[in-house]
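For reference, TrEMBL has these:
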- 27-53: transmembrane segment (TRANSMEM)
- 74-95: transmembrane segment (TRANSMEM)
- 107-130: transmembrane segment (TRANSMEM)
- 137-157: transmembrane segment (TRANSMEM)
- 191-208: transmembrane segment (TRANSMEM)
- 215-233: transmembrane segment (TRANSMEM)
- 253-273: transmembrane segment (TRANSMEM)
- 277-305: region 'Disordered' (REGION)
- 280-291: compositional bias 'Basic and acidic residues' (COMPBIAS)
Amino acid sequence: MALLADHNYFTSKKQEPMLVHPQFDPIAIHIGPLAIRWYGLMYLLGFALFILLGRYRIKHNPGGFTYAMLDDMLFYGVLGVILGGRLGHVLFYQFGYYLQHPLEIFAVWQGGMSFHGGFLGVITAMALVARKYKLPWLAVTDFIAPLVPLGLGAGRIGNFINSELWGRPTNVPWGTIFPDVDNIPRHPSQLYEFALEGLAFFLLLWLYSSKPRPVGAVSGMFLIGYGVFRSFAEFFREPEDGFMGIMTLGISMGQWLSLPMIIAGGLMLNWAYHQQSTPSRHEPPKPDKPGRPVPPVPSGKRNRR
């Protein structure tokens, strides 16, 4: 598999690259003293897509979820993404650097977010949402899973604009020179990840969740799908310098972190299909028999399913 990222595998004759990174200005617009960066706009685009897709799902197949719940999912999710993503980047990738420059931990607008840290932050945030509305935690994560990939893809476009997280050296015809790095043609790995973790991953989850699934199944598919797509893309991505950027056996930090996701996703799918029969949605209680009313629930209590 590693041969896929090795430029000698494709050809021994150096080819002229078809692409040179255009060196975008990372600042999209200035509003007075405020500088709005493309990277931040990509996050806003991801959040907007989350709301639009979520409203579409609620409108066509609510499953007990409401627009108010969706708004809370976004609010708590944004906090989880920012806090978890930044903390994950600091701890997993550049701990030594931020140990020497602690104030830069708060400079989120400069980039530097970890998906795996953001993922942990989001699932924690969804636990709070589930507790607030007294919903099964996995039912909430099943609902949001298909809403996430397009936001991930938007983030990869932000990485490309920022000329960061570039790929390994290559001689493929579409090899891209990143002038801020060197004059060596490299895989535009940010665009690979946009196609895999964004578009392909979205289609996989959207189609899979379009039919009733056991509680936890969509979440399990999310773990497997992201882990596989990310691990594959890592073969083309230059490992980051600094703390734990690359590990033993030639496996990058991103791949090490994706491995438990794949394993956990497989176990979750197995559990969902063998232990659960309830569709992945939250619905109000129904009568046991047609025409037989449900007895009133005493004040202060509610049914649990």
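A Cβ is built for glycine as well, from the same backbone N, Cα and C atoms used for every other residue.
Remember, it's a predicted structure, so these values are computed and weren't measured experimentally.
Of the Cβ pairs linking the transmembrane segment (27-53) with the transmembrane segment (137-157) and spaced 6 or more residues apart, 3 or more are under 8 Å, so the two regions touch. Long-range contacts of the transmembrane segment (107-130) within the same chain: residues 37, 39-40, 69, 72-73, 76-77, 79-94, 136-137, 139-141, 144, 148, 152, 155, 158-159, 162, 164, 226, 230, 254, 257-258, 261, each at least 6 residues beyond the stretch ends and with a Cβ under 8 Å from a Cβ of the stretch.
Between the transmembrane segment (137-157) and the transmembrane segment (215-233), three or more CB pairs separated by 6 or more residues in sequence fall under 8 Å, so the two stretches touch. 253-273 is the stretch from 74-95, 191-208, 253-273 with the greatest number of Cβ pairs below 8 Å to the transmembrane segment (215-233).
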